[in-house]
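Asker: Annotated Zn(2+) binding site per TrEMBL: Cys141, Cys223, Cys224, in sequence order. According to TrEMBL, the domain 'Hcy-binding' annotation covers 1-238. According to TrEMBL, the region 'Disordered' annotation covers 310-329.
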Amino acid sequence: MAPAGAKRGILERLNAGEVVIGDGGFVFALEKRGYVKAGPWTPEAAAEHPEAVRQLHREFLRAGANVMQTFTFYASDDKLENKYFEHVEEAEWAVQVLKSTGKPVAANMCIGPDGDMHGVSAGECAIRLVKAGADIVGVNCHFDPLTCVQAVKLMKEAVEKAGLKAHYMVQPLAYHTPDCNRQGFIDLPEFPFALEPRILTRWDMQQYAREAYDAGIRYIGGCCGFEPYHIRALAEELAPERGFLPTASEKHGPWGTGLEMHTKPWVRARARREYWEKIRPASGRPLCPSMSKPDSWGVTKGHSDLMQQKEATSQDQLRPLFDKCSATQ
């Protein structure tokens, strides 16, 4: 046991059965705020507008997050030739290198229940990561919360069946993605500028937090699309287990109880859990389809059409892509 007043690390907390709340999606949040360029998604804001990055960290902290991740997504000289960790072999290499630091290693895959891009199952991915030395395994990004929870359930079952031990984490999208294929939301025609109709409500987030906790996941956070109020919803749902509410809840009554002070009686009647648990939000768009047809261009297995390049994309390169995109709409 750590001495009184000593800081406890992530493994000490998880070993003690604590719930750790993660932060949210920095690139999407900062892009909406005008500090990140969509497409490259590089973290120049950390150098150009550090105050904006600090403020978002503060907001996630105030909302209840225990862990503040550095804003380093895609922070490499060449922005990486292809986005990592959709293939378990790459993640294994990273775990092996990180294990040499002597620090706890958490390894998340960018996968859903169907496994990685080479057909390795979610369960087998987890087993391989644990054997490589990962202390915490899970998934992040690409899919909605309940899809990601299902993937981590498969990981947990496989690890336990193999006689191995690990902690589990999940950091999903804040978007509903029931129509996504194995590649996730980047294949949706709405990606990345028309995803707002898919955003989960705070009540959806409370359901996610409870399902993740009931599945045995103790590191629960978010990725693209998560805003501080989503993190606050996770913290509020799990307040009984954590023993406290976040600071941001001072201005937010549980299950909308603050509405009891509203001037309109029909709005005051919504100040109850039963109302918000059963709400089925409308899109407000009469011709909005309930599902999309993913573009299904293929998966990032190194095909020349899918590789990124350092120089600007030429019009000759863009023209056939425009034609293909039009054909899929």
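From the backbone N, Cα and C atoms, a Cβ is placed for every residue, glycine too.
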Asker: By a simple count, how many Cβ atoms lie within 10 Å of the Cβ of Cys224 (Zn(2+) binding site), its own Cβ left out?
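Answerer: For Cys224 (Zn(2+) binding site), the 10 Å Cβ neighbour count is 27.
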Asker: Counting Cβ neighbours within 10 Å across all chains shown, tell me which of the binding-site residues Cys141, Cys223 comes out on top.
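Answerer: The residue with the densest Cβ neighbourhood is Cys223.
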